[in-house]
């Protein structure tokens, strides 16, 4: 592994842990915002971080915030060497918006289809969607940087 690759991995890890720590501190607030947003969108009642769906209760818990996926995404973006900060910030706002909207849609699908089939099956199958979205955003980041000739690969 070249020195440049080692530096990139180190930068990625540092940024990942910084963003993960920040997001973990905000996780309770993010859960509250998700609960309120989802209950308003679906016209459902809620209590704390629980949404009442008929006779069932769906809890919006820590993994529902996508903190890990967001931190991985941000670590990747901010760890990218030789890219001006303005591009990193702009793309981070774009990417976090996509992840958040996808997450809200994911939870809506879980809520809507959890009554039809086994809840755990629905949850596990639909929850898989966020990770490929984050991977696509990382690929698209490099694609944009190459297209704009901000970074060059050999």
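Cβ coordinates come from backbone N, Cα and C, glycine included.
Listed features, source Swiss-Prot:
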type	residues	note
TRANSMEM	6-26	transmembrane segment
TRANSMEM	57-77	transmembrane segment
ACT_SITE	64	active site, acyl-thioester intermediate
TRANSMEM	91-111	transmembrane segment
ACT_SITE	106	active site, proton donor
TRANSMEM	125-145	transmembrane segment
Where does residue 106 (active site, proton donor) sit in the DSSP three-state scheme? helix
Sort out the sequence-distant neighbours of the residue listed as 'active site, proton donor' for me: same chain, 6+ apart, CB within less than 8 Å of its CB, listed by position. 126, 127, 129, 130
For the transmembrane segment (57-77), distant same-chain residues with Cβ under 8 A (at least six beyond the ends): 12-17, 19-20, 23-24, 27, 30-31, 34-35, 38, 49-51, 88, 91-92, 95-96, 99-100, 103, 107, 110-111, 114, 127, 130-131, 134, 137-138, 141
Around residue 64 (active site, acyl-thioester intermediate), how many other CB atoms lie within 10 A of its CB? 21
